[in-house]
Amino acid sequence: MDYYRKYAAIFLVTLSVFLHVLHSAPDVQDCPECTLQENPFFSQPGAPILQCMGCCFSRAYPTPLRSKKTMLVQKNVTSESTCCVAKSYNRVTVMGGFKVENHTACHCSTCYYHKS
């Protein structure tokens, strides 16, 4: 009987440690809003290269029946979202002739990457 109590105690201690670590970890889904942040790879001292980073909104909802009937490939869920993109930028040359966009303003807009 003591044999089972020992393993039960070890199990409970392990479970409580796991739950403590789980609740003390930061929330992974927390994402900062869309802002300019320095790109450490391309930036040089005195000449920072900025890029837009952060989160905007996204949502999913059931596809309305009226819309579903017009689809070639019907899907049950429709989603829409916006991405953090540059509102304005300057083209600059860095590190041996590479041209990059140095963002000057950001906003949430259409996700062009996901468009087909």
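Positions of Cβ are set from backbone N, Cα and C atoms, glycine also.
Among the features that Swiss-Prot reports, disulfide bond is placed at C31-C55, C34-C84, C52-C106, C56-C108, C83-C111, with the record citing experimental evidence. According to Swiss-Prot, the feature N-linked glycosylation site maps to N76, N102, an assignment based on experimental evidence. As annotated by Swiss-Prot, signal peptide applies to 1-24, with the evidence given as experimental evidence.
In sequence order, C34, T35, L36, C52, G54, C84, V85, A86, K87 are the residues near C106 (disulfide bond), counting only same-chain partners six or more apart with C-beta under 8 A.
Minimal Cβ crowding within 10 Å, among the disulfide-bonded residues C31, C34, C52, C84, is found at C31. Comparing N76 (N-linked glycosylation site) with C111 (disulfide bond), their Cα atoms are 21 Å apart once rounded.
Cβ neighbour count within 10 Å across all protein chains ranks C83 highest among the disulfide-bonded residues C83, C111. Long-range Cβ contacts of N102 (N-linked glycosylation site) within its own chain (separation 6+, distance under 8 Å): I49, L50, Y89, N90, R91, V92. The Cβ of C55 (disulfide bond) lies under 8 Å from the Cβ of C31, P32, E33, C34, C84, each of these being in the same chain and 6 or more residues away along the sequence. A Cα-Cα distance of 6 Å separates C56 (disulfide bond) from C83 (disulfide bond).
Each residue contributes its Cα atom, and for C83 (disulfide bond) and C108 (disulfide bond) those atoms are 5 Å apart. For C108 (disulfide bond), applying a Cβ distance below 8 Å and a minimum sequence separation of six or more within one chain yields C34, C56, F57, T82, C83, C84, V85.
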